[in-house]
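In what follows, a single structure is set out as structure tokens and then discussed.
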Amino acid sequence: MTIALGKFTKDEKDLFDIMDDWLRRDRFVFVGWSGLLLFPCAYFAVGGWFTGTTFVTSWYTHGLASSYLEGCNFLTAAVSTPANSLAHSLLLLWGPEAQGDFTRWCQLGGLWTFVALHGAFGLIGFMLRQFELARSVQLRPYNAIAFSGPIAVFVSVFLIYPLGQSGWFFAPSFGVAAIFRFILFFQGFHNWTLNPFHMMGVAGVLGAALLCAIHGATVENTLFEDGDGANTFRAFNPTQAEETYSMVTANRFWSQIFGVAFSNKRWLHFFILFVPVTGLWMSALGVVGLALNLRAYDFVSQEIRAAEDPEFETFYTKNILLNEGIRAWMAAQDQPHENLIFPEEVLPRGNAL
């Protein structure tokens, strides 16, 4: 019996090989297999958003004007979520709600589910693109792993949170002012700023900004040759012929500043990767908790004492009152379909307001 060792070669290329050759060809803009998911989804998501913000009203879903056509600007235009009565319907154009009528589909909020779902798959396609290119050029896939952070936040906020609530209605609409309203909603109804997962997210994002600034400045500092250039404005001249980067010099500098410093490039850069990605993932987990209506910290003893003693007040009790105000005034106008009417005596009052 003879065993042949060596690379297996096909006599002729099949359809997969032809597709693979074309998709992964070296060109100005790499396509790849991931591009089959990324490019159509990104095109439809961005195109749907521009269409919605330009032409489509939110009168039938939120009682609002939300398009340039109605007088909104870039900060106030939005692609709004469907009405609460539509619950978690995918709102397919050919579905039972719109029945193939494009105008009716837009009025019902179909563009929101269109943008949200294509946007989610577009982001996933972009992460797969980074995996594919890393594999092609023999890199480790840390870029793709890092990009899982933004994907986790997008999916948790725009998809998982409303799935835990009564409908897509409670997701953020796609617009600047709409996102601000959603943030106020999160604070008033979930006390989001006192949620430990939000705290970890803030620490991760702001900590990453600090680390990025420190790292960029340190590398810039050590890219220039020794000499009098360090003491004059010539130190800011970017035309030096070759870099003179020195990890040892940077380590010595920060050792003197803080008493401790990174001595290993890999650990340093992994830390700069780890801080923001972990922060984003923690935020995403927190939003999943909110989908299930899990509560933030409650300091009940302070609330009881504040209720009993008019002279006792903390920043926490003031914020709790403020949240009650947000709920009372926001719910009535934010959910007009509920016909909520709050009599004057139940509206919150106190020093916080």
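Placement of Cβ uses the backbone N, Cα and C atoms for every residue, glycine included.
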>> For the annotation transmembrane segment in Swiss-Prot, which listed range does it cover: 20-40, 41-61, 104-124?
In response: 41-61
> What range among 125-141, 312-328, 329-345 does Swiss-Prot record as transmembrane segment?
Replying inline: 125-141
>> Between the Cα atoms of Phe262 (plastoquinone binding site) and His215 (Fe cation binding site), what distance do you get, rounded to the nearest Å?
In response: 11
>> For His118, His198, His215, His269, listed as binding-site residues, tell me which one has the smallest number of other Cβ atoms within 10 Å.
In response: His269
>> I'd like the Cβ neighbour count for Asn143 (pheophytin a binding site), meaning other Cβ atoms within 10 Å of its Cβ, all protein chains included.
In response: 15
> Should Phe262 (plastoquinone binding site) be counted as helix, strand, or coil on the basis of DSSP?
Replying inline: coil
